[in-house]
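S.K.: To start, I am sharing the structure in question, which I have written as structure tokens.
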Amino acid sequence: MAARGKKLINDPNDVVTQFIEGLAETYPGLQYLDGFPEIKVVLRSDVAVGTYDKVAVICGGGSGHEPAHGGFVGQGMLTAAVSGDVFTSPPVNSILAAIRAVTGPKGCLLVVTNYTGDRLNFGLAAEEAKSEGYKVEMVIVGDDCALPPTRGIAGRRGLAGTILVNKVAGAAADAGLPLEEVAEQARHASKFVGTVGVALSVCTLPGQETSDRLGLEQIELGLGIHGEPGAAVTELQPVDVVVSRVLKQILSSETRYVPITSGDRVILLTNGLGATPTMELMIATRKAVRELQLEYGIATDRVYTGSFMTSLDMQGFSISIMKSDATILQCLDSSTKAPCWPAGTNGDRQKPAKISVPAPPSCAMKSDKMLQQSRELTKEGCILEACIEAGAKEIIRIKDSLNEWDSKVGDGDCGTTMYRGAIAILDDMKKCYPMNDAAETVNEIGATVRRVMGGTTGILYDILCKAAYASLKGIKTVEAKHWANALQASIVAISKYGGAREGYRTMLDALIPASEILRERLEAGDDPLDAFIVSSEAAMTGAESTRHMQAQAGRSSYIAADKLASAPDPGAMAVAAWYRAVALSLKSMSCHSKS
């Protein structure tokens with residue numbers, strides 16, 4: 001059953017005017033005409049009526065595609081943008097108001113997306129303006145490459161490639177070129193650009209129900225920016241596969257929508273459709289750049305990634321490819337004050353996108369002698385290796401349990417994070433851990449987890465290892481009492497930098513009981529192996545007790561107490577698990593040596 005879409009709006013009828021008001025409040029260089037609700041026009045605040053000494057560039061269309069087009073008003077791009085209601089072409093009077101507000105002696109260029117309503121309304125407004133004595137040219141942008149060549153008069157739809165055409169036209173106008181040349185450069189750019197869109201969901205209009213046209217595992221290729229059905233519905237696939245299909249459609253040798261072939265250079269624009277995270281857009285861009293180069297022999301001169309022409313809250317993206325030449329590049333690189341044009345994208349890449357990672361001192365400064373010693377393990381080195389292996393394997397074993405607990409009290413990735421660390425430790429210990437040197441090995445474990453684990457968990461374990469390393473450094477024969485001191489030093493460091501204490505529902509609720517019992521038993525003269533076993537039981541008891549604690553640190557501190565009671569703290573359980581595995585490994589090796 002379809003449900004009404006949730007929106008952060010007031011009256012659905014006021015969304016466009018209130019958007020414009022917010023836009024003008026945000027950007028001091030923008031104003032709007034006082035003609036609501038019929039006239040919805042955003043214009044440059046530095047352009048006075050009838051006196052502008054350059055060609056004015058005006059674009060517009062139905063709303064719902066923000067930041068297009070109001071967000072691209074500014075010196076070097078649009079002089080004014082005309083908005084209709086959501087997905088509705090602006091009326092003639094609104095377009096005329098924009099023309100009269102910003103057009104001076106040099107005239108104005110109307111850049112129009114190829115939809116019937118836009119063509120008719122802008123066309124009629126252009127004729128009316130000409131009858132009033134204004135110089136007006138109009139350029140129609142139809143960059144859609146998704147549908148077969150039309151057999152009627154509708155033509156290709158205007159999509160995100162319009163943004164690039166607007167930038168070319170705006171730069172040409174800002175350079176002082178006459179109207180005819182500005183229009184010609186815009187037409188030239190429009191002939192060189194092609195776009196195809198992909199959607200995971202259909203957009204929801206303000207005040208209306210959410211469409212269930214697309215299933216949970218379906219995507220739609222070649223849809224329009226107003227939610228109209230696309231060329232094909234297919235099963236959800238990895239984005240690399242989707243991007244390949246999009247590029248194949250744009251560069252099709254059969255339709256030849258764009259005159260781009262191997263050896264050409266292009267501009268790439270990856271455009272979010274409203275509800276697509278930047279991360280996903282960048283992943284699509286990554287694939288597009290590589291595929292253009294490797295599969296088509298086409299290099300990218302400029303790459304733009306972001307949300308430029310959206311479709312309300314639609315999940316998906318479109319890819320636009322424009323053939324590059326010196327004039328287009330100069331226009332795209334020219335300065336603009338349009339607030340939503342991407343900064344930092346101008347100019348050729350002078351350095352490679354990827355460079356080598358500097359080697360950390362802990363690895364780079366190792367001597368050959370130390371590495372050789374690590375291969376010829378002493379008895380203590382063998383014991384340390386076995387303990388590390390046991391702890392890491394136990395974390396791998398309980399990965400899913402840690403994730404399950406964390407899904408109830410955190411963000412659900414504790415097990416995955418710890419698993420990454422454990423796998424890396426097992427890999428690194430065979431290559432660069434000097435097992436005969438306990439302090440250096442602990443230090444290297446810290447370097448491993450810092451490299452692969454990330455987040456709060458990774459840095460806390462790195463702090464733990466660094467503090468233990470400082471405590472153990474310089475001790476030739478490390479005994480149980482030294483490990484106890486190192487554990488205590490680690491607890492002090494974690495508490496100092498992390499801010500947690502016992503009872504805060506963190507890893508310390510396993511470490512502190514273990515440390516206290518270990519020191520107590522060792523000072524009482526107990527056998528070190530028995531002391532470790534008992535202390536590991538204390539760690540597990542402490543970890544389990546976190547079920548009854550109110551979190552005061554980490555993401556769990558935002559969770560209600562009744563929800564926290566459903567699971568122990570996953571960080572504490574992870575500590576208890578590897579600590580217990582190490583203790584049992586020690587006990588097992590002791591039993592084997594006696595038998």
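Every residue gets a Cβ built from N, Cα and C, even glycine.
Look at TrEMBL and you will find 11-341 tagged as domain 'DhaK'. The substrate binding site annotation in TrEMBL covers Gly62, Ser63, Gly64, His65, Asp118. Taken from TrEMBL, the feature active site, tele-hemiaminal-histidine intermediate covers His226. Taken from TrEMBL, the feature domain 'DhaL' applies to 382-584.
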S.K.: By the count of other Cβ atoms within 10 Å, pick out the sparsest of the binding-site residues Gly62, Gly64.
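M.R.: Across Gly62, Gly64, these binding-site residues, the one with fewest Cβ atoms within 10 Å is Gly62.
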S.K.: Between any two of Gly62, Ser63, Gly64, His65, Asp118, the residues recorded as binding substrate, what is the biggest Cα to Cα distance in Å?
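M.R.: Largest pairwise Cα separation, rounded: 15 Å.
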S.K.: Within the chain of Asp118 (substrate binding site), which residues six or more apart in sequence place their C-beta under 8 angstroms from its C-beta?
M.R.: Gly60, Gly61, Gly62, Ser89, Val112, Gly158
S.K.: Using other CB atoms within 10 angstroms as the count, which residue among the recorded positions His65, His226 scores least?
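M.R.: Sparsest of the recorded positions His65, His226 by Cβ contacts within 10 Å: His226.
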S.K.: Taking only the Cα atoms, work out how far Ser63 (substrate binding site) lies from His226 (active site, tele-hemiaminal-histidine intermediate), in Å, as a whole number.
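M.R.: Cα of Ser63 (substrate binding site) to Cα of His226 (active site, tele-hemiaminal-histidine intermediate) measures 10 Å after rounding.
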S.K.: Would you mind checking how many other C-beta atoms are within 10 angstroms of the C-beta on Ser63 (substrate binding site)?
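M.R.: So the Cβ neighbour count for Ser63 (substrate binding site) comes to 24.
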S.K.: Let me know the model's mean pLDDT on the domain 'DhaK' (11-341).
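M.R.: A mean pLDDT of 94 is what the model gives the domain 'DhaK' (11-341).
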